[in-house]
Every structure is written in C-alpha cells, then in structure tokens.
C-alpha cells in the first residue's frame, strides 16, 4: 500500500453519463429591595444598600454578575414604566446622568450616561445603580458591561495562520500575492463547514490534539486493523502521523491560539485506522463503506505504489463499496470520496494506472506550488479533476510551508505530497456542502468543473473541450476556488438522474505495427431514442485488453467526436512487464459537457525508443514551459537578493529601522526625491544623519515589478 508493443485481444469502449441560537447574553439586573424604597435615604438606609450590594446578587438563571476591572462602561440601561421621556430626563438629571435617548425600538428603555464615573470606580457605580433603582418609575437600572466583540473579517488568529499562504496569500511565500484557495470570502459569509462530517481513511487520528479535539466525531471513527473504536495511531512509530496531518488541513479548529486553521474549521472530523497493518480487499471495502449514513466526505491519500511500473485497482468488494457509497451514502445523495492522485512524477508514473483515482465515484486531486506550477512529482492523467496547493516546487529544490497538526500534540509545517492537497479539497467541498446540503456526488464534481480556475496559464497543455471547458492533464480543470464553488452551489440545480450508454468497438483482434500506431474508429449514437440517451457526457470509461512484449512502451489516446484528445495511458520507462493488461478501465473527465454522438477515435501506439518518448512527455532537454517559468522566477529572486546585498554593503544604516519618535518625509537632493528622516518636534537626534536607508523598497525596479505583479 502506498500513501499517496501490442498484439491481439479485444478492445471495449464504454461511455458513461453520470449524469446526471439562541445567543443568551449574560448580564446583571440589580434587584430592588422594596424595603429601600424611600424618597430619601437615611443613614441606615444607605448602610442597607451597601450591605445589599456587597454580597453576591441573587439573579435569574440567565443572569450572573462579576464585578471586575475594565468590564463596565459609564452608561446604564434604565427601564421606566410607564414610558415617559420627560420622566427619564428628570431622573437622569437628579442623579448626575444624561439621558442619551431611547434604546432602539424597545418601549420604555432609556440609555443613561454618567460622565464622572470611570471604569475603575466600582463602588461609586454600584451606588448610582442602587439610587436609580429606588426611583418609583424605574423598573430596573443596569450598568452596561463592556462586551468583547471582534470583527468577523474571516481572518483566524491562530499563530501559524500567517504561514498558510494557500489559504490567504499576502505574498508571504515566493509566489505572487492573491493566488490562494479563496476561502476567506467564504468564512466571511459564516460558512465554515458546520454540520458536515469528514473522515480520514489512513493510519489513525490523534483526536486528542488540542487543535482537533473539539471537532472530533467518534461516530465517524473506527479501527479496522484491531476491531477497536479508538482511531489513535500507534505513536510509537513516528511515521503514523499521516492521518493526523490530513485531518488538520481539513478541519483544524480556528481562533483557539493553537497551530493553524482547517479549511472547514467547524466541520466534524473522524478517523478510520486501516493503513496500520495488512491491506485487503475486505478491509478497504469496510473502510470505504463505513457509516455512509453519517459521514459526508472520505479523505483518501493512499493507493498503489507510485513506482512507474505498477497497475493497481480496488478489489471487487472495494469497488462495490465505492459504487454503493455513491448510490446510497448521504441519504442517497452520494458519499464524496476525495483521492490524492499520487506522487510518481519522478518515475514517470501515470495516475490512470491507479484504479482508485480513475473510478468515476472518486474526485482525483493533484497539486501545484505557490507559483501555480506542477510539482516535480506530479502525475499526469485524464482522470484528474482539479488541483490544490502544496509546498512543492516544479523542480526539486525549495519547499514552501504547509501547516497542519502532528503527532504528540505538535504543529508541523512540513507536510508534503498530494497527501497535502487532497485534504484541502475535502475542506472546500465541506464548505460547499454546508452552502447546499442537497448536492449529489455528481453535482459536486460538476461544480468543480464549472468553477475551477486556470493555473500556470502560459502552459501549452491547456486546451478547451467541445463544451468550452478548459482542461490540462497536469491540472485537471484547474485550481479549486472555494468562493466560486460556494457561490455556484447556493443557486445550483441538481443534475438529472445518471444515465449510462455503452458503445462496443466492433472488432476482434488487431495488431499494432512496431514503432507505429493502430487507429480504431468507435461510432456511437449515444443510445439515441432510448432511456439511456445521453446529450452531455460526464465521464468516459475505456476498457482495454492487450498483450505486449513491454507494457511501458504503450501509449493510448482517445479523441472524441468534438476533437478533444485525452491521453488515457502514457509511456512508462520503468514498466518492463510483458503481461500487458486484461480489461483495464481507463477514464477521462475531459469530455465533460460534450455531446458524445459521433465517431470516437482510439489511437494505440508502440513507442520503442523510450528516451525520445520520455523527453516528449516530461520535457527533459526540451523547452518545458513550466521549467522556463521556474528559471525566470529563480533569476528574479537572485537578482533581487543581489540588489539587497549590494545596498546593505553600501549603506551601513540599511537594516536599521526607524527609531521611535522619528518622522519621515520626502526631500529633493540634487534633483532626486529621497526619504529623509528627522526627530519629531522636541525629540533628540542621537543617531546622526539617517537618510536613504530604505531606497530599495521604494526605488528598486525589481521590487516595483513584483509589487505590480501582485
């Protein structure tokens, strides 16, 4: 289990249309003691009032009182019955208050203010409250507590949030500012994943982590390896951190001063421990089918080996569990299975060789770095639906931070791989489901297709299909955009029922010429004039069998009637198997929205010269556009750094901040406008001449270009 030529046989082609609070405000009301109700207070009466105020007040169960410093303002709420503004003015003036006016539209409630009572004058304030309550017309008088309120600007206060550039990119990483998952606008709408349940199918979940515990859902958790209900990982093995890290990215708690923030920080999170032992078809089926009536989203960051030579797929029971989850999960709306595409780019692996990511029932998620470029370990295939960020670079080198929860109640910034991307997608889907809980599993996929954003736009791999959707074998339909998905979901109309149409190839055995291609036409009327008729396709599944002396030499392309080309299988230089394939199902989503009626063309190629083929597909020793982008970025970074170093050497004050008491203004010296600083009036000037200390920020052409780009 991995954490995230051709001769005679038959070819079968299948087209599938999937289609188709009560906020209880705690405060104090000073209770009146009718024994104190006198026009004037005698000395004994004053003493009684003081004794009354010195003990803890008896209040209704919705009211409590703690007199603490800095908790009370110099304003009072006073209820006068019968309502009379003149009476309110008279009582206010009598006791040194000003009647500010009525409180909103509440009948008989007035707002009094006392200018001479400070927030620390507790005894004086208590006495004034008692005096007001002794007035016959006053039903109650209450000094107003200063309430702690914060702006709901959607920005969490967790200590590591500033490093989470993929959630809010202010330019803190090496990439341009503003390029992120666009989740903050969703949080500002108070959509935070509330009511959605996510479960991580992995090596366990440290649910006692303080950044996860309050969101933990025991009902969404189990241990399949040991028949236990506690998904705590075996923390004696530090490698068993994978599930805990995935969980934190999706649903870590916000605004608790701990670690970072999950995308859906109010969603519930559970864990299915199933990777801490031997994997079997029965175990995987049990995990994928666990509590489909309760769990909305399943995070899966595992699969077959990413070694460039393995073909692996779900067993019959696991495959059935995926199908039943889509048909019956979430009260028949369909469970959402999010799957990491894999990290086999360095071994020229192809995610279409992974039967989990090619299932029509899963959402296959790839990764990009902060510049929108593919990671050096990205796998390309036609089943990838979309991408999210992780910390990787396009070529092996610098890495950016990915913040999440870790074992031993720690926080890590070192989470990597597509395992760091899929949980972000799960969190965004949780936000989407909160916005519209009636979305089906196919609706969620369709929303991704409709709202994903182009990343790395200069990459020549971007194409448009016959329905107008942009796609790329590296990036799917693009980068997930949380705000766009949520906005679309709120007015989304459910897709009609799913239809399936099968088109046979109509031939038996054919040979492929060595070093050449075999072309096969597959006509279809898309089940016209039947209940299975399809007008707009969603998924296309191609089932192929072949034998070949070297399986890795084979590539397969499928061209739709709208001339959209999907690479179903790319050559793999490490795949030396002579076993071929037996009824392997490849899948493409890149015909989404097209009318499938017409002639589909299948191209199967024998590629005997692997060096040339690898250069063609991977860009080695060729003009790889992404590599060019990376080189430009690195060059700009080096130039900028060199310019800063030069300024630092030439100016001894370059790194010195402006001291307290300094004011800065612009002056013209020899025709050039420069910063000039001097003490504020009355301040001493112990530091001497303090000019031109920050010119690089204001005048550097490199800095200006970067700022403009952002």
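Every residue gets a Cβ built from N, Cα and C, even glycine.
The feature domain 'Peptidase S8' is assigned by Swiss-Prot to 164-486, with sequence analysis given as support.
Taking Cβ-Cβ distances under 8 Å and a sequence separation of 6 or more, the neighbours of residue 202 (active site, charge relay system) in its chain are 242, 243, 246, 271, 272, 273, 274, 275, 299, 301, 302. In the three-state DSSP scheme, residue 202 (active site, charge relay system) falls into the strand class. The feature active site, charge relay system is assigned by Swiss-Prot to 202 (among others).
Marked as active site, charge relay system by Swiss-Prot: 242 (among others).
What Swiss-Prot records for 259-411 (among others) is disulfide bond. Under the three-state DSSP scheme, residue 411 (disulfide bond) falls in the strand class. In sequence order, 160, 211, 258, 259, 260, 403, 404, 405 constitute the residues six or more apart from residue 411 (disulfide bond) in its chain with CB-CB distances below 8 Å.
Positions annotated as disulfide bond by Swiss-Prot, on the basis of similarity to another entry: 351-381 (among others). According to DSSP, residue 351 (disulfide bond) sits within a helical segment. Within 10 Å of the Cβ of residue 351 (disulfide bond) there are 29 other Cβ atoms, across all protein chains.
Taken from Swiss-Prot, the feature active site, charge relay system applies to 419 (among others). There are 26 other CB atoms within 10 A of the CB of residue 419 (active site, charge relay system), with all protein chains counted.
Residues annotated as disulfide bond in Swiss-Prot, with similarity to another entry given as evidence: 501-527 (among others). Annotation for residue 527 (disulfide bond): spatial neighbours 499, 501, 533, 534, criterion Cβ-Cβ under 8 Å with sequence separation of six or more.
Residues or ranges marked as region 'Disordered' in Swiss-Prot: 668-710.
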(message) Rounded to a whole angstrom, what is the C-alpha distance between residue 419 (active site, charge relay system) and residue 381 (disulfide bond)?
(response) 17
(message) Fewest other C-beta atoms within 10 angstroms of its own C-beta: which of the disulfide-bonded residues 259, 381, 501 fits that?
(response) 501
(message) Among all protein chains shown, how many Cβ atoms are found within 10 Å of the Cβ of residue 242 (active site, charge relay system), not counting that one?
(response) 24
(request) Grab the pLDDT values for the domain 'Peptidase S8' (164-486) and give me their mean, rounded. (result) 92
(request) Can you see whether DSSP assigns residue 381 (disulfide bond) to helix, strand or coil? (result) coil
